[in-house]
Amino acid sequence: MSIDRLAAFLADARQFRTIPIMRKFLADVIEPLQVFANLREEAVFLLESKDDESPWARYSFIGVAPFLTLESETGETFLIKDENGNVQMTASTLKEAFQAVERALCVKPLAEAAPFTGGAVGFLGYDFISAIEKVPRHRAPDLAMKAGHFVFCESLFAFDHEKRELSLIHYIRLKGHETMQEKIAIYRAAEERIAALAAKASRPRAEQPLLPAEDEAERAALFSKASSNYEKEQFLRDVEAVKQYIAAGDVFQAVLSQRFSVPVQAGGFAIYRILRHINPSPYMFYFRLDGIEIVGSSPEKLIQVRNRRAEIDPIAGTRRRGRSPAEDEKLADELYHDPKERAEHYMLVDLARNDIGRVAKYGTVEVPVLMEIGKFSHVMHLISKVVGVLDDDIHPIDALLAAFPAGTVSGAPKVRAMQILQELEPTARGLYAGAIAYIGFDGSIDSCIAIRTAVIKDGYAYVQAGAGIVADSVPELEWKETRNKASALIYAIEQAERLFAKGEQIVC
């Protein structure tokens, strides 16, 4: 035990009740998947960036041993529970709940370069919108998903892939009345806990079955075991209904979606491992929360807040990557000059400007990047960047809710589009089109849209995908688009089931 570190802790303990201590390790021979598998009894989330072509793919995070949760069934009241599930406090909003936790914990700030060093991690379901906008609750919330669920973890593993460095951050929690000897004992126990976690995390990786190669024939039969919440003919009729609303001037666009359910025996971690291989994305995540598993590979940021600067990166327009540099450039040029893609993208940039404008200081909203080609491992998109500086009386959570949900999964204007979708879609969306997010003690937020996401619950995996309906949409093509968007996750589920059937279970 370092005397200097102990002295620093004792000094901090005079001012703070929750004190982070951090140890750094070289991460040249371990990686996030291995660490999560080794800590599977206590780990509750894994956040990764798994696209080497993406500028966002630098950090990954693993949360261990949650000690507080923020939960809400409808978004109108949040319960703050301890690690035993006992309600400690209640709050009427997410912001009030987070601020109550901050006051109770009295956390010492941590000077560290990583964008997230501790705080709340979890999700807001799409149906949370009914608590903050004039959007009626859906008539059929059949999955009974919480509107919001966040965890605060005692220990956090933060990978910096650029530096090949791992930071292990452990939060010591004091009650405020400990004696000097008790504080020293608590600090020693924390040092031992860090050493034990580091040793466990770095164990050799358990033997894992080889992943099967992608099979085009299997891809063709993907949906044979999947059931939809929509009959095809009803979906086609609802596309026409949206077009009628567009013709009447209610909306410019609405994103109609369908949900697929697939029976599963394999665990969510097996599905996640396959998904990260076949569909790497800037935002990848795996959660185990309250009896459900969440697996996702989202390409799209919802909003990011760093040093009170908010950023939204609208994405619209997609092409596959070329098989050669020449084809890649040809496809990029085709995408950039496609008038329909450009029109949709401009609409989403306007939505982002409006969302940030609701919380930013006057005159600070800018579009430093407009309609550039962003290339990822498998696809390319039209990407813009909208930024603004938060007004002085705005909390970062206000910015998160101003952007929620994204226009790319709802429509424009957003509120009217969502009202129409609640009327037409046969079941509540649950997590789909909501947000996966972290909210740092330092006021930082990063979040992605909950698309390309599966919820595993009660023996079924649920995957939902939507298509943006506009005035000239062809119903049959929109039906196909929803299936195409769901195909990577359905394929990952099918492959995990094949391994399970062979008895080749993936550890975790």
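Quick reminder: no glycine exception, Cβ is built from N, Cα and C everywhere.
Going by Swiss-Prot, these are the annotated features:
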- SER49, PRO282, TYR283, MET284: L-tryptophan binding site (BINDING)
- GLY317, THR318, TYR432, ARG452, GLY466, ALA467, GLY468: chorismate binding site (BINDING)
- GLU344, GLU481: Mg(2+) binding site (BINDING)
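Feature annotations (Swiss-Prot) mapped to structure.
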residue: PRO282; record: L-tryptophan binding site; Cβ neighbours (10 Å): 23
residue: TYR283; record: L-tryptophan binding site; Cβ neighbours (10 Å): 28
residue: MET284; record: L-tryptophan binding site; Cβ neighbours (10 Å): 26
residue: THR318; record: chorismate binding site; Cβ neighbours (10 Å): 14
residue: GLU344; record: Mg(2+) binding site; Cβ neighbours (10 Å): 21
residue: TYR432; record: chorismate binding site; Cβ neighbours (10 Å): 27
residue: GLY466; record: chorismate binding site; Cβ neighbours (10 Å): 26
residue: ALA467; record: chorismate binding site; Cβ neighbours (10 Å): 24
residue: GLY468; record: chorismate binding site; Cβ neighbours (10 Å): 24
residue: GLU481; record: Mg(2+) binding site; Cβ neighbours (10 Å): 16
Check: Taking the Cα atoms as reference points, how far is ARG452 (chorismate binding site) from MET284 (L-tryptophan binding site) in Å?
Finding: 10
Checklist line | Cβ contacts of GLY317 (chorismate binding site) (under 8 Å, same chain, 6 or more positions away) | finding: LEU335, ASP338, GLU341, ARG342, GLU344, HIS345, HIS381, LEU382
Note to self: According to DSSP, collapsed to three classes, what secondary structure does TYR283 (L-tryptophan binding site) have?
What the structure shows: strand
Item checked: binding-site residues near TYR432 (chorismate binding site), in sequence order, restricted to SER49, PRO282, TYR283, MET284, GLU481 and a 10 Å Cα cut-off -> none
Item checked: Largest CA-to-CA spread of L-tryptophan binders SER49, PRO282, TYR283, MET284, angstrom -> 6
Next item on the list: Between GLY468 (chorismate binding site) and GLU481 (Mg(2+) binding site), find the distance joining the two CA atoms and give it rounded to the nearest Å.
Entry: 9
Margin query: What does the structure give for the C-alpha distance between MET284 (L-tryptophan binding site) and THR318 (chorismate binding site)? Integer Å is fine.
Written below: 19
Check: In whole Å, how far is GLU481 (Mg(2+) binding site) from THR318 (chorismate binding site) when you measure between their Cα atoms?
Finding: 12
Checklist line | CB contacts for ARG452 (chorismate binding site) [other CB atoms within 10 A, all chains] | finding: 25
Next item on the list: Return the member of SER49, PRO282, TYR283, GLU481 nearest to ALA467 (chorismate binding site) in space, with distance defined Cα to Cα and candidates limited to these binding-site residues.
Entry: GLU481
Notebook entry, point to check: Per DSSP, to which secondary structure element type does ALA467 (chorismate binding site) belong, with helix, strand and coil as the options?
Noted result: strand
